[in-house]
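First comes the structure, then the notes that go with it.
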């Protein structure tokens, strides 16, 4: 009985070791530069060379001025409000926070939209965007 338990324990340890070892990626042992060159997937001759060029003072100033122009144009664009053309109000319309089930007419507020919940059982006109 003890021999079978010892055999089963050894088998269990072997299976655990084999399972853990099979999930690890294989390690590559490179011995010298020749094996490194033969095993590498990227050929170093195919990569284009990179040249570093020093900038003079004039090009730095032009770059700084262009960056400042971009910053100022972005600030001006963000400060300007986009004016949306208002749709003419139709006579039969639904006020904000009132029920607006699909056969009902559109919402009176142009910034509001009909929002339904619970599988379109409860619908109401709501203003979604505060910037409108």
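Cβ coordinates come from backbone N, Cα and C, glycine included.
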Annotated range (Swiss-Prot: region 'Disordered') out of 38-61, 62-85: 62-85
When distances run from the Cα of residue 111 (disulfide bond) to each of the disulfide-bonded residues 93, 100, 123, 125, the nearest one: 125
Residues that sit under 8 angstroms from residue 123 (disulfide bond) by C-beta distance, when 6+ apart in the chain: 99, 100, 101, 102, 104, 114, 115, 116, 117
For residue 114 (disulfide bond): DSSP state (helix, strand, coil): strand
